[in-house]
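*Asks:* Submitted below is the structure of interest, expressed as structure tokens.
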Amino acid sequence: MNNTVNKLKKIDLKSITLYIGAIVILLAFTIICKANGKDFLTSSNIQNIISQSSVMAVVAIGASLVILTGGIDLSVGSIVGFVGIFGGIMIKSGVPLFAVIVICCVVCALIGLATGYFVSFGKVPAFIVTLGTMQIIRGLTKVLTSGKPVSGFPEALSKLSSFEIFGIPIIIIYVFIFYVLIVFTLSKTKFGRRIYSIGGNPNAAKLSGVKVNKIEMLTYMLAGLFSAFGGLMLLSRLSYADPNAGSGYEMDAIAAVVIGGIALSGGKGKVANTLVGALILGMLKCGLQILNVPTYYQTIIIGVVIIAAVYMDKAKERKAE
């Protein structure tokens, strides 16, 4: 009897609720679309959901790490757009593709590191620092091309996201690898456990010997790095760089994190569920597009979903207390 009770206690009800929610949304859009003479579960729609969700899911990894420490990063979307233009210019200038990938990752990691320094060591509120960083990066992106898009890339760029391995699109494999690595890091390494301890109680973590400022700074660096990966994936998928690309990704990433059940206060939640959150958001967007819901209404609906997810999470916390 006791063993049964212990097993029930170990069941992650939040994850189960999340998965059920994803299935409900899938069924709801399938029924609604069918009632309107349209099909939701088609191969093209599924591919569209995966394509829309993949970049967001990768960017959301970095956002998850920052939020787990109790922080916030509003600059991730601007970095996605910056990578497209910056990387695109280098490719057009004849820089080898591998070198472009490495340079973009290093530059964006340094941007994240600088942001993290001001937040953790400078004690400037994360909202202010990352909002400022977002504006700087957005402005710099437009300065690089005078606000004009960049196109005419070699076929090798598009192949980075278009080819398949055993019938599985490589872009899905990228996402899978990133999530496996980060889930392993958070659950099996000291660095991961310290991220959770800082989010749970930074003062207690500091007293136990955790270098809180350093860990916080590194999470912002990783947010910059994963934003670079997302930007490169988007550039490869579109073979077109727009200075306005990535706009709104910061909100989508935070939405995926919140829907996935990570507490905005930090210290609680699973990054693996962020992937489910990204897929749910992707299904919402795709379903609304199929139903010809105007973009501005889509934004309102997603905003309502974010508020509802946060409210439900806070309600559960109050009930637990």
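Every residue, even glycine, has its Cβ placed from backbone N, Cα and C.
These figures come from a predicted structure and were not determined experimentally.
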*Asks:* Can you check which of 74-91, 272-289 TrEMBL lists as transmembrane segment?
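*Replies:* My reading of TrEMBL: the transmembrane segment range is 74-91.
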*Asks:* Pairs of Cβ atoms less than 8 Å apart decide it: which stretch in 49-67, 97-119, 165-186, 217-235, 296-312 has the most with the transmembrane segment (74-91)?
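*Replies:* Top-ranked stretch among 49-67, 97-119, 165-186, 217-235, 296-312: 217-235.
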